[in-house]
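*Asks:* Straight from TrEMBL, here's the annotation block:
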- 41-61: transmembrane segment (TRANSMEM)
- 68-90: transmembrane segment (TRANSMEM)
- 163-183: transmembrane segment (TRANSMEM)
- 204-228: transmembrane segment (TRANSMEM)
- 248-269: transmembrane segment (TRANSMEM)
- 340-362: transmembrane segment (TRANSMEM)
- 393-412: transmembrane segment (TRANSMEM)
Amino acid sequence: MRTFLIVWLGQLVSTFGSRMTNFALIVWTWEVTGSATALGLVTVFTQLPGLAVALFAGALIDRSDRKVAIIVGDSIAALSTLTILLLAAVGQLQLWHLFVINGINGIFGEIQQLAYSASVSLMVPKQHYVRVSSLKSMLHYAPNILSPAFAGALYPITGLVGIAAIDLLTFAVGVSTVLLVKIPQPPRSELTSNQPKLWQELTLGCRYIMARSSLMGFFALELLFWFGHDLGAVMHRSTILARTDGNAEVLGMVSAAAGIAGIIGAVALTGWGGPKRRIQGFLGSAIAVGVSKTLFALGQSLSIWIPMQLCSSLNFPLLTSSSTAIWLEKTPPEVQGRVFAAQSFGMGVVSTVATAVAGPLADGFFEPAMRPGGVLSPWFGSLFGTGPGSGMALLYAVTSLGLILVGIRGYCWPLVRQIEKSSV
């Protein structure tokens with residue numbers, strides 16, 4: 001547990017800097033383009049290269065030193081940030097640069113995340129899986145408390161250059177902690193006995209999941225949930241910026257609220273340990289998140305956005321930790337790299353499709369349809385308004401309702417509801 005906590009602390013500091021840079025890039029992209037499609041494309045170009053190497057990365061990690069994989073992934077992220085810093089400093093940064101840089105970063109970020117995830121079960125005992133997963137969720141939420149506020153305040157003063165410089169300093173902390181500890185490896189005998197050639201292992205993770213009907217059913221629900229969530233995530237940022245005339249401080253306040261709620265949820269979960277039946281935590285949280293996001297979409301100011309963001313983010317540590325615990329319990333350590341790679345590949349496909357279609361749906365249909373005289377404004381204008389961002393808000397509400405349906409479907413599906421009792 002001590003080794004995990006040291007690595008986790010370093011990653012927490014490093015993630016703080018990365019989130020500042022990501023936030024600044026969102027604002028920069030909106031300033032340059034004013035387009036939800038552009039925001040979605042930045043994410044797509046990050047995900048696509050990672051998808052291309054996901055299965056290969058999983059097999060590679062199961063054969064390689066996971067500590068080295070984590071360090072390499074972090075180092076490439078630092079080089080990406082340095083490149084952005086230099087381009088911004090000389091005034092040459094363009095949108096296509098972000099596509100290329102994020103694509104390279106996406107490849108090595110996939111390797112780093114898989115190596116980190118596959119190392120968890122080797123660093124902590126099984127009874128602490130949910131607690132450790134809740135700590136991992138803090139890597140998402142803790143930086144959201146301060147990094148958006150700092151980035152929103154610094155961006156008008158320093159621009160991308162100053163924020164990227166801070167990111168590089170936090171990277172040094174993250175890599176130092178990994179260098180200080182010994183990250184366990186799976187038993188060598190399990191890795192080498194009857195091991196086929198690397199290319200023959202690429203589909204092992206997919207075959208492992210498909211051979212277990214309850215795990216496959218759970219995975220299908222996860223894919224549906226994250227498709228709706230990630231499509232809505234593009235609308236979340238775009239709606240706020242559109243309704244506030246591109247106000248970075250307002251976006252920062254909402255992001256900070258997400259971080260605060262996420263930390264509260266993660267801390268509570270760390271002490272509680274989560275429900276005995278992990279699937280209950282996932283399904284219940286999916287419904288709660290969907291309700292909160294639907295109400296968020298109906299809001300047009302911070303008075304609604306902040307409390308609904310708090311309610312939504314409060315549930316995510318339980319949702320993600322329950323999911324992680326199920327995967328860890330259902331997957332032997334020696335094949336976790338390949339199985340988690342298959343999971344990541346599936347998630348990446350649906351996320352990429354979701355983010356790719358989100359912008360065109362918003363800019364090409366929902367926004368014009370919700371303006372005065374548009375086809376949807378007579379039906380939904382009284383709820384969402386007819387000004388900038390109203391179409392995005394409607395699309396966000398539709399995706400959020402989908403999250404509720406995912407949770408309800410899971411409760412009505414015995415195969416998934418009984419996954420922890422199932423041997424298949």
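Every residue, even glycine, has its Cβ placed from backbone N, Cα and C.
Unlike curated entries, TrEMBL annotations are predicted automatically.
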*Asks:* State the residues, same chain only, that lie 6 or more residues beyond the ends of the transmembrane segment (340-362) and have a CB under 8 A from a CB inside it; answer 'none' if no residue qualifies.
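*Replies:* Tertiary neighbours of the transmembrane segment (340-362) are 35-41, 43-44, 47-48, 50-51, 54-55, 57-59, 61, 110, 113-114, 117-118, 205-206, 208-209, 219, 222-224, 226-228, 230-235, 238, 327, 331, 391-392, 395.
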*Asks:* Report, as numbers and ranges, which residues of the same chain sit near the transmembrane segment (204-228): CB under 8 Å and 6 or more residues beyond its ends.
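*Replies:* Answer is 55, 58-59, 279, 286, 323, 326, 330-331, 335, 338-343, 345-347, 350-351, 353-354, 399-400, 402-403, 406, 409-410, 413, 415-416, 418-419, 422, 424.
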*Asks:* Sequence-remote contacts (6 or more beyond its ends) of the transmembrane segment (68-90), Cβ cut-off under 8 Å?
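*Replies:* Same-chain contacts beyond the ends: 7, 14, 17-18, 21, 25, 60-61, 97-98, 101-102, 104-105, 107-116, 119, 159-161, 164-165, 167-168, 171, 174-175, 178-179, 183.
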*Asks:* Can you work out which residues elsewhere in the same chain, 6+ from the ends of the transmembrane segment (248-269), have a Cβ less than 8 Å from its Cβ atoms?
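*Replies:* Residues 23, 26-27, 130-131, 134-135, 137-138, 140-149, 151-153, 155-156, 237, 240-241, 302, 305-306, 309-318, 321.
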*Asks:* Could you pull out which residues elsewhere in the chain have a CB under 8 Å from any CB of the transmembrane segment (163-183), counting only those six or more residues past its ends?
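*Replies:* Contacts of the transmembrane segment (163-183) (Cβ under 8 Å, skipping residues fewer than 6 from its ends): 3, 6-7, 9-11, 13-18, 20-21, 24, 66-67, 70-71, 74-75, 77-78, 81-82, 84-85, 88, 119, 122-123, 150-151, 154-155.
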